[in-house]
């Protein structure tokens, strides 16, 4: 083994070597930190500065946010770094949301001195529940009749104008406000997170909600349709004082953790800042109570006045198509074909009253929908609408309550009938009957079906009579129709009304 003997170095040699090393280490600093090496956009692109990038609009990277919304409620300390904040709320308690104007001088001058409209909604955070939101809300409405999911505390709010809550949208409120003035809106959430859990045995974890705010400006027609900004935050709602207890429990758990573990969690902030997100996809509903003041919708669908279906309580969107009546009849009567385009499939869903699922099946063609199994549609739509959608896709026709066959009497049929009774008619003589299917078993329904059959207006039919014993004419009533035998045959005779241009129909 060879040993190398190192002689002791003088102080001058040591100092000279250290000086050279120090100069070499400093020589690259200017190159590494030059203007072209790092930029603030590169720093902000790090994951620590990102929150759910997929939820942001694609052009939001360099976008300056015009507004900022601050929920005056503390965030939970039990949320890990880089995760979205979580805020606990008490059921029915009023919470302030500060609406802040974040514009720079000269930005968005078109809204200076003008009102903007904001829509606040409580929606599901879980994607699975978003797909069945309509059914979840209808179930909540059934269990809590007369209650709303989201309300405005108007006496405590400041700077809001024309607040309004649509009675058909329990989770949405809207109002106008002036960005140049101080504005604070107080909201109350009346549902709790455990009301939407799948199994309720006690002690279950509640589902998280999202509070989302979408703001719009007015267009040339003074309709608030042009989107300006959207932001949201994640919340959980507890029974009264439950949020305070949960916040205290989380704080005590964090205090017991080791210091190195605490570094993995966010600190608790006194307020919650809503982060930018995409605007909530809006579906126009038929409004039972039109609101004066400003247009409450912000999309391209027209809004009808009133609900045209008294037996179907959930509101339906109105679709605008060419030749609506013919298109509706064609899509209603015919089954969905595999060759149907996604647009045809959307119209078929709307006309067959599956509008809550149009957003879910946006890119589905007829072939895609027909490939779904019974289990698939039940899992997506829930048991009630899932079975109904599966039956509609497979073309399972429900048997009508009553079927009657009618033949229009004419001079030719009278002569043929006389010959047939005398035995003079040819063997191939036959009468053509038409089937009428009744569901409501009312005289009004029968009048409408007869008018449709013979291409006349129902107003032209004054009365319907049934020929009774000895040729008497008995007025057809709802009770009489309910006692008709199924698949009974009638010959229709018409009699001109002397008082007007209408006709009487006689069933023989």
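Backbone N, Cα and C define each Cβ position, glycine as well.
Sequence annotations record features per position, and here TrEMBL assigns compositional bias 'Basic and acidic residues' to 241-265. Long-range neighbours of the compositional bias 'Basic and acidic residues' (241-265) within the same chain, counting only residues 6 or more positions beyond its ends whose Cβ lies under 8 Å from a Cβ of the stretch, are 74, 76-81, 88-91, 93, 192.
Predicted-model confidence for the domain 'Grh/CP2 DB' (61-300) is 83, expressed as mean pLDDT. Feature annotation from TrEMBL assigns domain 'Grh/CP2 DB' to 61-300.
Per TrEMBL, the feature region 'Disordered' maps to 240-265.
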*What are the helix, strand and coil residue counts for the region 'Disordered' (240-265) according to DSSP?*
19 helix, 1 strand, 6 coil
